[in-house]
Structures are given as structure tokens and as C-alpha cells.
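Per Swiss-Prot, the features are as follows:
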type	residues	note
SIGNAL	1-16	signal peptide
TOPO_DOM	17-187	topological domain 'Lumenal'
TOPO_DOM	209-222	topological domain 'Cytoplasmic'
TOPO_DOM	266-280	topological domain 'Cytoplasmic'
TRANSMEM	188-208	transmembrane segment
TRANSMEM	223-243	transmembrane segment
TRANSMEM	245-265	transmembrane segment
Amino acid sequence: MKLLLVLLTIASVALAAVDDVAVNNFKVGILAKDQQPSDENLKTVALFSKLPNELKADASQRLYVSFTVAKKSDNAKVKPHQVFLRFVAQNGEDVVVVVNPDANGNYVYDNVLRTAAKSFRNLSGQFKISLLVGDVTIKNPINWQFANIDAALPVAYEPTPKSQQVHFEPLNEISHIFRQPEKRPSALISDLFTIICLSPLLILVVLWSQVGINFQNAPASPWVPIFHVGLIGIFGIYFMFWVQFDMFVTLKYLAVLGFLTFVAGNRVLRAISESKQKSE
């Protein structure tokens, strides 16, 4: 089945490729940006002939080329698969652009040279312009140089990478905005909070003054002064936490001093209990 399809394709191509083609109504010219094409500003060129004078254009002008492709046998218009304009620079580099037909089968290339320069890879100066026409059904492919053009195309410079750019100019002044201090409460609220925090100690001092402190029943033990010194030290740690220490430093000192005060207090209570048992 595949072999049959291949043979049918070859046969159809062989039968189709029986006609020669010709390029008719070939016109070329340089137009201004908003100028309409007409017989006055376009030159007609016969197939396989060449314009005697060189075309000259700058980047603001348009290159206009129009033509039709028809069979020689019946002059019917055809649309070959490959229709190109080829621009060959003096250094041998070439640029090939596609020419597409309109709905009526007419081929038109109309482009501002500044826009076309993007595809010319920074080429500028003199070019040889050729028309290329080809198709599997065409017996005589066309490669026709019909004109020379001197085009002053703009050179598209490649941008310098940002890492390689050097700017000799003063830099903007760096201004640092410091964080605004947080709004603190009024002095009245601060004093009231301090009094509330110190109120348990004040109440303790008042109650001690009313009840009285009896040092006569204190046992003769070295743990007694250690216990009282530990209590005073704990109050001192609280005070330092208030003015300087953070929570972690406070807990570190409080763990050591609190354990020592706890042991000393336990020993004092045991000594008091033993002295009471002896007195009874």
C-alpha cells in the first residue's frame, strides 16, 4: 500500500511538472514612507534583464517590488511554494526574505528599510537583489538578479551587558531612616505600675512592723544567715531584672540562688523543729 502511494505521488508530480513559468508585470522602485506606488515612480523590468541604474535608498524610504507568476502555456497565474527576494552584500553575506501573494495572486514586497534592517544582521551599503522562484511543479526554476541597491541601513548595535557598563557619575546619596522609638506610656501610668509591683513588699514590711520580728527563737545554725542572704539576693536579682538583666540571665542566676535559699530554708525549719522538740 505504501509503495502504491509513493508511485502515485511520483506520477502526479511528473504529470504536473510540464509547464514553464514566467514572471510578468515586474515593477520595482524606491518610495517615500507615505508615497503610493504608480507607473511614474516605479520601473518595469523585463524577465532576466537588469536595471541600468543603481537604486539608492535611506532608512526612511521603502523598497517596493510587485510581480505575478504565470504559466507560459496559457498565462494563468500560479502560486509557487518558494518565492524569495535575496539580498547579497559586498562581503558575500546574504539575506533572504519571503514574498507572499495576495488574494488575486499578485506578489508584493513593500517594506520600510528601517524595519527591514532588523533582519539584515547589521549589513549596510550595496546589495545585489535577486528573485528566486521554485516549486516541484515548475520546470524552469528562476534565479534572476534584477537590480543593485545602495541602502543606508541603520546599524543595530548590540547592547553592552550591564556587568560591563561603566558609569562615571556620582551615585545617589544613601539616606538611612532609623526606626522610630516606640511610644512609651505617660509618667503617671509608669509610676502606678511601679507602685503596684512594689505593693507586696510594702505590705510585707508593714505587717512585719505590726507583728514584730523575733530573732530570739532563731536557732544557732549557719543556715540562718545563708537563708536570709539568699532572700536578699533574690530581691536583688529581681531588681537587676527590672533595670538590666534579660529573662535568660535572670533565670540562670535565680536557679542557683533559689536552690541554695531553698536548701537553707529547709535546714532552718528543721533546726527550729528540733529545738522545739528538745524544749518540750
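Cβ coordinates come from backbone N, Cα and C, glycine included.
Note that this is a predicted model, so its numbers are computed, not measured.
Long-range neighbours of the topological domain 'Cytoplasmic' (266-280) within the same chain, counting only residues 6 or more positions beyond its ends whose Cβ lies under 8 Å from a Cβ of the stretch, are 217, 219, 221, 223-224, 227.
DSSP states for the topological domain 'Cytoplasmic' (266-280), grouped as helix (H, G, I), strand (E, B) and coil, give 14 helix, 0 strand, 1 coil.
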